[in-house]
């Protein structure tokens, strides 16, 4: 079977949920026995989001092969339960970088390099590359931004051309749009959708399916109207209502017939959709009987997308323990010695996620100390582990002023220091320790009991590491180095001997958690937090 291509565009406004729509469709097609891959085209000129502020972009999602990518790739991985790669997130910056590099090498000798055909050909090659050598049945490509944006035009032109390059029977265009509800008149309005599709058609793309985001039910009459003005059949107008839980969306879209429409359009030879496992999972999520309160202590807490994979992984841990996870978002800048008890008195577990820089660092260190002293389950990720280590060195070893050399280059006790292979690197973008690395676990440690394996593989994104100069005295004072690189040179996991559940990890376990396969550390962190809750009840 030829590889089929599905392109998901968006209209009217951004943040409509194109990524969730693409991920949900991917799940439905996988449930039909098809091999699916999903990619995202981002129209910004940055090479990747690695140097962008979380306030601008949200979380940076890291793949196994070390690519810093859009947070939508996290949704894709969680929904289709497949590990993606750097080929699954392409930016305008990458496209132009590649074309200009080829021009400098003389690959276009004699030609005037232009948007068409050189940029569009490069874009098309990235679409095809996802499926190369992998026997992929369906490639779903989300086009970032909104139809009408200048930045998106080369991508839209490229996918218009692909339809004729590979054959119209091998391409399906899905347009996600907004049908707003006006409370004053009590009406849903279709005009924004009509204009969005008109804009798309003006550049040569006729959508095959229109997915309408709405907070109210869309009547058959309205679907008929949208179909008439947008040149699609009524049955090809799909409503996508707001859902209480993201993982309900595939089932909602299946009930609307989205996957059937796609299979019919692409003439896909596949099984009927078997959503049994997904239905069981969603039903379980709806019936969770326990509650657990987790403090997430960070500096971007007003923008939840900055920690989206952590939030999802906490929820997955809750699913495995029949528990709703209630997150208390705490800005680490607000935490002081005088008010920490007020902030954390009703908390069952404390999590400090990754991050960079000195803003709010002392509040994170205080939170780690509170968890250590009060035997509250603690989970520190990347910078969160480093904060726990700094607090331990200050309080237990009495190393006054102990710190990370990232935050205080003049500290007398740099218990966290720049990795040796990072010291001669000047550029910021894509130069950290990135991607999947092995980690050897200490037998009988909390981490080993969680994983049940001798060697694990986790994804990293950092420049600073545990300083081995202090290894012996930290171990003698009760710190357990439960995970290291295979050569034992890099400390990847720390625990505290006399604590029921205190773990810091240098990697990012949240990136590998799935709703149907919760990450073992998040699963056990929630379990320990539930036990802590009962203890203090």
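Placed from the backbone N, Cα and C atoms, the Cβ positions cover glycine too.
As recorded in Swiss-Prot:
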ACT_SITE  382  active site, nucleophile
ACT_SITE  508  active site
ACT_SITE  510  active site
BINDING   14, 149, 150, 151, 189, 190, 191, 192, 193, 194, 225  CTP binding site
BINDING   14, 189, 190, 191, 192, 193, 194, 225  UTP binding site
BINDING   15, 16, 17, 18, 19, 20, 72  ATP binding site
BINDING   55, 355, 383, 384, 385, 386, 406, 463  L-glutamine binding site
BINDING   72, 142  Mg(2+) binding site
DOMAIN    293-535  domain 'Glutamine amidotransferase type-1'
REGION    1-268  region 'Amidoligase domain'
Worksheet item: For residue 383 (L-glutamine binding site), which residues in the same chain are close in space, meaning a Cβ under 8 Å from its Cβ, but six or more apart along the sequence?
Response: 352, 353, 354, 355, 356, 364
Worksheet, complete the sentence: Here the Cα-Cα span from residue 189 (CTP binding site) to residue 16 (ATP binding site), rounded to a whole number of angstrom, reaches 16
Worksheet item: Closest of the binding-site residues to residue 17 (ATP binding site), Cα to Cα, picking from 191, 193, 384, 385, 406?
Response: 193
Worksheet, complete the sentence: Cβ neighbour count (10 Å, all chains) around residue 355 (L-glutamine binding site) is 22
Worksheet item: Highest CB neighbour count within 10 A among the binding-site residues 16, 385?
Response: 385
Worksheet, complete the sentence: Out of the recorded positions 20, 150, 382, the residue with the smallest number of other Cβ atoms within 10 Å is 150
Fill in: Surrounding CB atoms that lie within 10 Å of the CB of residue 463 (L-glutamine binding site), all protein chains
17
Discussion item. If I take the alpha carbons of residue 384 (L-glutamine binding site) and residue 192 (UTP binding site), what is the distance between them in whole Å?
Written reply: 45
Practice prompt. Between residue 150 (CTP binding site) and residue 20 (ATP binding site), find the distance joining the two CA atoms and give it rounded to the nearest Å.
Written response: 24
Response to the item:
The rounded CA-CA distance in Å from residue 508 (active site) to residue 386 (L-glutamine binding site) is 13
